[in-house]
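Read through the structure below, which is laid out as structure tokens, and then see the notes.
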Amino acid sequence: MSIVVDNISRRFGGFTALDRVTLETKPGEFLALLGPSGSGKTTLLRTIAGLDFADEGHVLFDGQDMTGTPAAERRIGFVFQNYALFRHMTVADNIAFGLTVRKRRDRPAKAAIAAKVAELLELIQLPQLGDRYPAQLSGGQRQRVALARALAIEPRLLLLDEPFGALDAQVRKDLRGWLRRIHDETGLTSIFVTHDQEEALEIADRIVVMRGGVIEQIGTPAEVQSAPATAFVSSFIGETNRLPVTRRDGAAIIGDGLATVPDEARGQGGGEIHIRPHDVELAQSGAADALPVTVLASRPIGRSRRITAELAGIAEPLTFDLPVAEEAAAGQSLSIRPVRYRIF
Amino acid sequence: MSNSNPTTIESPWARRALIGVGFLFLALFLFLPLVMVFAGALAKGWSVFFETLVDPDALAAIRLTLLVAAISVPINAVFGVAASWAIAKFDFRGKSLLISLIDLPFSVSPVVSGLIFVLLFGAQGWLGPWLTEHGMRIIFAVPGIVLATVFVTFPFVARELIPLMAEQGRDDEEAARSLGANGWQIFWHVTLPNIRWGLLYGVLLCNARAMGEFGAVSVVSGHIRGLTNTMPLHVEILYNEYDFVGAFAVASLLASLALVTLGVKTVLEWRFGIHRAGAAH
């Protein structure tokens, strides 16, 4: 199913959670809403679900206006960060809930519900645990049960609010890949909220980067990484060294003339240059387009060497990834040339 | 609290003395009076004890007390659930005002609570003439006693449930809603099972107070024997008439009720122990 979010605004008292947000998904897409807390990503997800309602704007499912439709009638699967499993029901009853509360004429027969539950328990790889209670399961198992419960109603759309937020790092990694496989198997359009950029980059088809109730950029993981639309996206996704620049006639002067690099966009005035740690190379000392840094620390990490260095007049230390063969000792001076960078 | 508690810095002697004082206090002010109640009730033997209880006036008082509790406890259970649901699950204007209002009966003297109803519904009261005209009696009649009891006992269930429901949040209800459940199904299958122990506990306390309430009921009842006397009022009347055995016999019934409440309360606390942590008043 395709979803259109058209000019949605939402205010809570004086706080603007969403400010004229517009968004469109393709059928079968796996979309990530990524942003820091307070960016409006959860409000947007809840608005799509019908658990919250916008002050202005429309939500359309396959071209049909759903703006005022209550959640119960939208047929969406919603997965909560804290699972929200019904603690007094067994796993099987939890999964069956969405079917057993249906009106009699829409409700499948008992045997059909049981078969559906068994099928879903198989899908989440917990076939033996139907009789357990949520309290008897691990966090990862609970979240899988929550997903099965959401899938039981055969939703048109799957919405996940920080689905791995309450889990520890290893379980989170395993579940990520698993969730992506479930998505590919079911072919459901899915939207998930996360503040973890690594998670979004790893499993989403497209990423919606949000800040302060506004969408900063929508793009594939490759696009948001290599062509960030704003300084915020650039610094929020992946590591970035940020330095002040002065732009003049196609050149960008870093700091007080520490180095001068070409500025293809030919901007004018002050700005900020973003250099990713691995987008640099070692240069001849004294090169005009290289940064004269002093090494603070150096340690090999895998196939690269992570250098922490300081630059005269810049308070924040910088980080660079050089080939592991490049020995560098603390206190040593290096010339670091930015190879790829973006100026905002 | 175990003796090996490392935060205890007092010497064993001091600790024993403190515990001793505590027990002495309890014995003197709780246990001894309770024993005296039962001893007084049985002072002239079991037959006199039972005779007093089957006296028509005593029976009427017992019946009225049960009736008042049977009406006011369900009312307050429903009200308490509704109010806590609204407070814990929704944001609205005037929420803190509602919370303060729920606490009002705890902070107002029961006598004042009773007087409120006399001023409202009494013969000289606000609505008195209108009520007389329509042949309705509220003050010095059962409706007044029920009203006063409802007023005095209405915080018990709500006070118990608000912290519990606030702690549980709205996720379960929202999950049920997204799965297609309607409001009634959500309440019946999700909310109610989540709060059942807290609700039972609140109902129990509410019931104990409803049966034991004296002050407010005393003001509105009129003390008409066999008609508007509840058990606590009947105890007072018997006592004032120097019928000590009778007074203590009825009092021992009330005391038994308290003991049963205490027992069930202990069992309930043990059943849903941790949830009680934030719910103390």
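Heads up, the Cβ atoms here are built off N, Cα and C, so glycines get one too.
Unlike curated records, TrEMBL annotations are generated automatically.
Among the features that TrEMBL reports, transmembrane segment is placed at B:21-42 (among others).
The transmembrane segment annotation in TrEMBL covers B:62-85 (among others). Within its own chain, the transmembrane segment (B:62-85) has Cβ neighbours under 8 Å at 53, 98, 102, 142, 145-146, 149-150, 153-154, 156-158, 160-162, 164-165, 187, 191, 195, 199, 202-203, 206-207, 210-211, 217, 228-232, 250, 253, counting only residues six or more beyond its boundaries.
The domain 'ABC transmembrane type-1' feature in TrEMBL is assigned to B:62-263.
The transmembrane segment annotation in TrEMBL covers B:97-126 (among others). Sequence-remote contacts of a segment are chain residues at least 6 beyond its ends whose Cβ falls under 8 Å from one of its Cβ atoms, and for the transmembrane segment (B:97-126) they are 83, 86-87, 132, 138-139, 144, 147-148, 151-155, 158-159, 162, 213-220, 281.
The annotation transmembrane segment is assigned in TrEMBL to B:138-158 (among others). With a threshold of 8 Å between CB atoms, the same-chain residues lying at least 6 positions outside the transmembrane segment (B:138-158) that come near it are 64, 67-69, 71-73, 75-77, 79-81, 83-84, 87, 102-106, 110, 113-114, 116-118, 121-123, 125, 128, 131, 199, 202-203, 205-206, 209-210, 213, 215-217, 219-222, 224, 228, 230.
Annotation comment: TrEMBL describes B:244-264 (among others) as transmembrane segment. Counting only same-chain residues 6+ beyond the ends of the transmembrane segment (B:244-264), those with a CB under 8 A from a CB of the stretch are 34, 37-41, 43-44, 48-49, 52-53, 55, 58, 61-62, 204-205, 207-208, 211-212, 231-232, 234-236, 238.
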Chain residues outside the transmembrane segment (B:21-42) and at least six past its termini with a C-beta under 8 angstroms from it:
49, 244-245, 247-249, 251-252, 255
